[in-house]
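Data first, discussion second: the structure below is written as structure tokens.
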Amino acid sequence: NETTMWFRKLCHRNQTLVLEWLVETSHPTFFLSAWIINQSEAPPEPRPAPIGTHAEKANLPVFTMDYPRIQIPFEVTLWVLLASFAKIGFHVYHKITVWVPESCLLISIGLIVGAIMHSVNEEPPAVLTSNVFFLYMLPPIVLDSGYFMPTRPFFENIGTVLWFAVVGTLWNSIGIGMSLFAICQIEAFGVQDINLQENLLFASIISAVDPVAVLNVFEDVSVNEQLYIVVFGECLFNDAVTVVLYNMFNFVAEMPVVEPVDVFLGVARFFVVGLGGMGFGILFGFVAAFTTRFTSKVREIEPLFIFMYSYLAYLVAELFAISSIMAIVTCALTMKYYVEENVSQRSCTTIRHVVKMLGSISETLIFFFLGVVTITTEHEWNWGYILFTLLFAFVWRGLGVLVLTQIINPFRTIPFNLKDQFGLAYGGLRGAISFALAFTLPDNIGRRQLFITATIAIILFTVFLQGISIRPLIELINVRRTNRNLDTINAEIHCRLMEHTIAGIEDLCGQWSHFYWKDKFMKFNNRILRRILIRDSRAESSIVALYKKLELQNAMEILDTVSGDISAAPSIVSLYEEKKNAGKPKKMFLAADLRNMHDILSKNMYKIRQRVRSGIIWIIFLALLLFIYMFSLITQSNTVSHFFMHLYFCGLCCKLSGRT
Amino acid sequence: MGSSSSRLDRVPGAKDLMEETGFSETNILCLYDRFEVLDREERGYLRLEDFEAIQQLAVNPIGDRIIGAFVFPGRETLDFPSFVRVLAHFRPTDTTWSRSGSQPEPANSRTRKLRFAFSLYDQDGDGKISRAELTEMLQAMLGMQVTDEQLQSIVGRAIQEADLDRDGAISFDEFKKSVEKVDIDHKMSTRFLR
């Protein structure tokens, strides 16, 4: 069309005119383009005046640039944006995310970017220091998990969760460590210099499971609640155990001899770490709940308290070297219940959204960097060690799940059957925590590179292979499903009735189980805690809460279906009556109409999607180029920067002229 | 096994009960011990007062209805076999049990459990949960948390959701349908009776 013809002519002329055109059409990449253009034509710096001669008059610089000042925030922002673009890109083509978990895709993109960076000899940003990961990238993810954990099933299964998290991780670490030590003795692999402590240290790193990908699959397939919550809970709580073990073995690895006293101290330390973490979490949770009681006049900063208090819990736990993950998870669990009753509806929505957003960003970045770092670090590969690591990780997890479920099944109301056990064992992927811990290995360990390589290998293997194959396998073996669509008043009422019944029957039988403790806690809660922590402390049953929620939904639906003037809409009550009496004829009319509309829309939507898809691909491509251009600028390699700048412009031109 | 078999002899009709309800020996013995504890005057049967003496049951919102499932006008005394038969409803479902035509449905099947729950609502035994019965039940469960108008709206909504044949009351089939997605086995079982 006209604009593009005109633009093509312009491209053959001076570059500053392109700038003008961009200004006129307010192209979104205007600012970046302006910056690029001016960068390549930066005025030469005025020469410093030689001493003793008459100083030359320097002109007032119209446009200066000071990159080092903004370097760090700028780079951080660009990396986050790139990772997020990648995430947008996946969801455009919906089918991919069904079969390939997002973490795989992110790692792949990371690998590609890493390859590009490697080929231009760039260093990856130095973000994978221990501090940055553990202080900035991990807390949002854990907060996200903790905040959205379904509390009722969690507390019903807390015994099983803790059992698998603690004993399971111990079993895995010690088992893998010992087996690897045995393998090390074989001369053929050439790893005899790794002693037992180092093997145990490595084993503790790779026994931390991180089933992010698996949880998404479980949710999509709606596996039974018990399995879901055990996998979820195990992932959260075994981080605590892993970190304790890691620190312990780290400490021990530097000691020449291990005495029984040290083992005993290790166990004591574990209890201090675990219970201390929980204690701090609960403390901060209550303080946060108490604070929100008084924030009715300052609604805008209400969400802040949630984040500050949970982060504070995390940092204080880090201060005392106790389990910060457990602290932040218990803080979130405790806070959520009371805070959501105190804060306004908007604050509640804000909190949920921001928690999810931060968690999502962190997770994306971590997997992305995993891909980048895989290419750019120096690897030390050892076939025997790494293959046996993979084998043992698999074998020990399977064995562990089998043995542990045998022991804990008699204590469960609904025992785990073999299919559940398979899901549990196969869902043990490794991820972010292992990755971070591997990088923070101290330098005095001889085979540090080998350990890092092995960790990355096992993460990639489990995420790609198990992550992709778990979905078809779960569907094939037909794990017990659960129907989670319980949003009717009837279901809620009857469920509560049944709970009361079971509590009564158990009292009758003189037995106590979790219903008893739950009852006791609810009484304590209603009588004492709610009075202190909630501003308006009328106890609200879940039935009433659900009723209110459903009524609200209904009201919004009714308003939506009223086309035209809302002010002329009749009141909700009368509409309700009308809806009840309307019955069938109206429905049929709407259905035919809807079908027509559907046909029309679907034809048009197909085109739209195509355009959007190519657009997204372009944005990603151009963003990538921009990236590399930035980095080449930093290294002051002019040829590369010019090359990429021209490439960028050609890309812009092609896009604008409508060619793909 | 000598001692346990002699202990089992204390319990009248133990073997038949075990077959009928599927309880194990340990369970029967536990339940018998509990029966004896409740039966303080050692009459060999339980009455209403014995049930009412259980403190925790008194504070349960539906405690009186649960007791009503055991002792009611028409059965004022409860002997041990009847006690066990009622409790058999709360065993977790056997995964190995397969339905054969001649056998009566075991007490802990899904339908029987639902019947039990239904009977807690349906106090007058007409086979339907009327509006008044549902209101009474909700009143007991919600206590002072709701006003009367809110209670009426909740009841109205519940009946509207479940009542498919529009007779203003919930029959057993409608009740079954409204909880078809709930895992009854999990919610209406206690592991101590496995």
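Placed from the backbone N, Cα and C atoms, the Cβ positions cover glycine too.
Just so it is clear, the model here is predicted, and its values are computed rather than measured.
Here TrEMBL flags A:81-474 as domain 'Cation/H+ exchanger transmembrane'.
Sequence annotations record features per position, and here TrEMBL assigns transmembrane segment to A:99-120 (among others).
Residues or ranges marked as transmembrane segment in TrEMBL: A:132-149 (among others). Among residues of the same chain six or more beyond the transmembrane segment (A:132-149), those with a C-beta under 8 A of the stretch's C-beta atoms are 232-233, 235-236, 239, 307, 310-311, 314-315, 318, 324-325, 328-333, 336, 352, 355-356, 358-363, 365-366, 432-433, 436, 439-440.
Counting residues 6+ beyond its ends, the transmembrane segment (A:161-184) has Cβ neighbours under 8 Å at 154, 191-192, 194-196, 199-204, 206-208, 229-230, 233-234, 236-238, 240-242, 245, 274, 384-385, 388-389, 392-393, 396-397, 399-401, 403-404, 407-408, 424 in the same chain. Per TrEMBL, transmembrane segment is recorded for A:161-184 (among others).
Residues annotated as transmembrane segment in TrEMBL: A:227-249 (among others).
The annotation transmembrane segment is assigned in TrEMBL to A:270-291 (among others).
Counting same-chain residues at least six beyond the ends of the transmembrane segment (A:311-333), those with a Cβ under 8 angstroms from any Cβ of the stretch are 134-135, 138-139, 142-143, 145-147, 149, 151, 154, 236-237, 239-240, 243-244, 247, 272-274, 276-278, 280-285, 288. Annotated transmembrane segment per TrEMBL: A:311-333 (among others), in sequence order.
Under the heading transmembrane segment, TrEMBL lists A:354-377 (among others).
Among residues of the same chain six or more beyond the transmembrane segment (A:383-409), those with a C-beta under 8 A of the stretch's C-beta atoms are 159-160, 163-164, 167-168, 171-172, 175-176, 179-180, 183-184, 186, 188-191, 206-207, 209, 415-416, 420-421, 424-425, 428, 430, 450, 453-454, 457-458, 461-462. Annotated transmembrane segment per TrEMBL: A:383-409 (among others), in sequence order.
Only residues 6 or more beyond the boundaries of the transmembrane segment (A:421-439), in the same chain, are considered here, and those with a CB under 8 A from a CB of the stretch are 103, 128-130, 133-134, 138, 141, 164, 205-206, 208-214, 218, 223, 227, 230-231, 239, 242-243, 246, 363, 366-367, 370, 393, 397-398, 400-402, 405, 451-452, 455-456, 458-459, 462-463, 466-467, 470, 473-474, 477, 479. TrEMBL lists A:421-439 (among others) with the feature transmembrane segment.
What TrEMBL records for A:451-474 (among others) is transmembrane segment.
Summarising the annotation, TrEMBL assigns domain 'Sodium/hydrogen exchanger regulatory region' to A:568-614.
If you look up TrEMBL, you'll see A:615-634 (among others) marked as transmembrane segment.
Fewer than three CB pairs closer than 8 A are found between the transmembrane segment (A:451-474) and the transmembrane segment (A:227-249), and contact between the two stretches is not assigned (pairs 6 or more residues apart). A Cβ distance under 8 Å defines the sequence-distant neighbours of the transmembrane segment (A:270-291), meaning residues of its chain 6+ beyond its ends; these are 166, 240-241, 244, 305-306, 309-310, 312-313, 316-317, 320-335, 338-339, 342, 532-534.
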